[in-house]
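As recorded in TrEMBL, the features of this protein are as follows:
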type     : residues                                         : note
BINDING  : N24, N77, G87, N88, N191, E208, R209, G219, T220 : substrate binding site
ACT_SITE : C86                                              : active site, proton donor
ACT_SITE : C86                                              : active site
ACT_SITE : C218                                             : active site, proton acceptor
Amino acid sequence: MAHAKECLSARWPLPFWKMSGAGNDFVLIDHRGAFVAARDMAEFARLVCRPKFGVGADGLIFIERSEEADFQWRFFNADGSEAEMCGNGARCAARFAFMQGIAAAHMRFLTRAGLIEASVDETLVTVSLTPATDLVLNRRLQVTDRPHVVHSVNTGVPHAVLFVEDLAGTDVCSLGRALRFHEAFGPKGTNVNFVALADDGLHIRSYERGVEDETFACGTGAVAAALIAVQLGLSSPPVRISTTGGAQLDILFTEKGGERLPALRLRGSAHVIYRGELTPEALA
Ligand SMILES: N[C@@H](CCC[C@H](N)C(=O)O)C(=O)O
């Protein structure tokens, strides 16, 4: 990482924003100057996302120039792994871009999952997701000591979804970790979402790949849960989801003809928590 410090030498102190999308928190950096080398990005993100020694966040987002859209991004989980998409992070990125004058209130930006459209209305941000793929319902998987009925879908990143009776009593970390690394999801693994039906919609707790822990919210996970609940006839659109941190996310559906899955949009809050400046000691 010494190289990163050198290549950043002309840039210290480095401005960043800390934002929260429904309790999923992120560091955002205007990287249109492209001063962090691509080979250093993962380690840079891991060091900055560390609690206590860094800023502390579930992920880090580089906002970059694009010839094809208003901007493009690179998204890194707290462990430095790069993910194709992040629903809550996308909502924060859209508000960051709007507030920084990088894009208008209705924008399009490129992710590794594809093109995302977003609209910003003060702290309420709505993002369209790329078409959901790889939907598998009612798979029985042996996990730890017993079989579980597991559903899965890719909403830009892979998600497993399990419906449970006692959400508060679910051991999200141990069962989530066992499923996140389960052979059924291949070497890349999956995020894992535990969902309970409620009078006001769905309640969800998520174990996130790349954070390797429960997070307060997972946007693409909430979308996965809503899509699967509707496909199973357990809920109907639009689906309101209450997340661990107490925030709510709305999943909006646009029906498609034939066998195609509906188009999905994610709506919720995106808050600017603080603006700061990184020093080289954040990479120590
Ligand atoms: N929290 C995100 C998901 C971020 C990526 C995920 N951890 C993965 O690696 O698949 C969201 O809001 O969607």
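From the backbone N, Cα and C atoms, a Cβ is placed for every residue, glycine too.
Structure with TrEMBL features highlighted.
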residue: N24; record: substrate binding site; contacts (Cβ under 8 Å, 6+ apart): D58, G59, C86, N88, G89, T215, F216, A217, C218, G219
residue: G87; record: substrate binding site; contacts (Cβ under 8 Å, 6+ apart): G21, V127, L129, T155, G156, C218, G219, T220, G221, A222, V223, L266
residue: N191; record: substrate binding site; contacts (Cβ under 8 Å, 6+ apart): V157, P158, H159, A160, R180, S206, Y207, E208, R209, C218, T220, G221
(request) Using a 10 angstroms cut-off on Cβ to Cβ distances, just flag whichever of R209, C218, T220 is the loneliest among these recorded positions. (result) R209
(message) How many Å separate the two farthest-apart Cα atoms among the substrate-binding residues N24, N77, G87, N88, N191, E208, R209, G219, T220?
(response) 14
(request) Provide the number of Cβ atoms within 10 Å of the Cβ of the residue listed as 'active site, proton donor', excluding the reference atom itself. (result) 30
(message) Need the DSSP three-state call for G87 (substrate binding site) to compare against my parser.
(response) helix
